[in-house]
Amino acid sequence: MQNPQRTDGTNSLHSTTAECDIQLRQPKIMLMGTTERMKLSSFFLHKRSQITDDNEAVIKELEAEKEKGHYIINDVCPVNLCLLFTEATTITSPAGHLDVTVGESIVLPCQVSHDPTLDLKFTWFFNEQVIQFGSHGAYFEKVGGRSAGDIMIRNIQLSHAGKYTCAVQTKVDSVSIATDVVVRGPPGPPLDCQVTEMAETTASLSWKPGLDNHSPIFSYIIQARTPFSLGWQTVTTVIEQLRGKQLSATVTDLSPWVDYEFRVLATNSVGTGEPSKPSKKTRTKEMLPRVTPARVSGGGGGRSELVITWEPVPEEMQSGPGFGYVVAFRPLGAQGWMQAAVTSPDASRYVFKNESIPPFSPYEVKVGVYNNKGEGPFSPNITIYSAEEEPSRAPVRLRARSVSASEVEVTWKPLAWSNSRRRILGYELLYWGEKEKQDAASVVRTGGNKTSVLIRDLEGSSTYYISLRAYNSAGVGPQSSVVNVTTKKPRKEST
């Protein structure tokens, strides 16, 4: 056996690598120092040694001051061996606990102190699973340099809460550090939302709290929808502000005889979370109708008719099955009411016809509602007029004059605007060319008490025939006498 040779080495640290070209399954060697001798039974089996893929022997946990130097391996691998000591790899970033809010971006540090001659390999684990960068929806991104394995989590989500481990490995050693990340977010959806009692206009609800996602729930919101609503609408409750520990409530101001679904949303300091699953559809109880028809009006129609109109009550406001209308009317100033039932809930018009109805007479009318529970209220009284008669007289003093080759001005004397039997709402002017029949006449209608009109877009040097008649809601009156007019000759264009 050769005498061991030893020289003072470099920095005192904890592992070394030796090269051996002889490839044996269990090479036995002898390491000799100046102060002690130790025998390693096998590079494979000894806890302080291993053989790398490059046939390098790694001996760990050497005591630097005692064992540094130059050694000779005997028996199997008789080569000169120099033990080189390297700096231990250490993570300088402290292990920690991060508390963040959904949507934030954070950096998890992994700063390392290491021997500059060794290459570093950083591996990150999330809840013991290796993070595959680029395959997590671009949430994770490496941002460290050569001596740092920092990663950034962008737009962090609740699912990113957990344990993150940074593992650092060199050829001779490895270290790791763990950071616990708590993600605070809006509450999860409340559970088991159900209707416990239903009345005509109220509903009692109960539910269970969902996850608070690390921020206490301080209030709840209740929403409802019906077949008639535009999506979910926030509803009122007996207690206006539902506190975080309250798990039941009474909803008010509902419509009778309507199917409702309810859901609950929780709110904490971060925001309002996702809604609960909807409750089962439940119908409020029926009751007497409360809503009367809107825009009650009338008038017009044919001779001896009284026409009453209204806007139908929407289905969600009918309060129960068997809905219909009660139409009441009487001559203005009379005592008793005449009534008629209209059984269709979609009806919007009732016509009372009787030869005894005088034309254009004032009537007081109102429209009520009913359903299977009984009669509801009536609308306010309004005054309308029975059908009027058509105008009985034709306009007089009809005049026409040519203004240009394409325009004619027509004037007339107006009729009296109103009397006890009829009104004049306006006039219809008819005109036609000499080569046309009166049945094909063009019509210009005026409104109010207008006494002139300008006819445009006529042909030059052409004769036109014109007549006039009054109209009202009952129809048109007799035509005036026919007048004719010839348009002016068109001007020749100068060349």
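Cβ coordinates come from backbone N, Cα and C, glycine included.
Features as listed in TrEMBL:
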type	residues	note
DOMAIN	88-176	domain 'Ig-like'
DOMAIN	189-287	domain 'Fibronectin type-III'
DOMAIN	292-389	domain 'Fibronectin type-III'
DOMAIN	394-490	domain 'Fibronectin type-III'
REGION	271-300	region 'Disordered'
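With DSSP classes pooled into helix, strand and coil, the tally for the domain 'Fibronectin type-III' (394-490) is 3 helix, 49 strand, 45 coil. With helix defined as DSSP H, G or I and strand as E or B, the domain 'Fibronectin type-III' (292-389) counts 3 helix, 49 strand, 46 coil. Across the domain 'Fibronectin type-III' (189-287), the prediction's mean pLDDT works out to 96.
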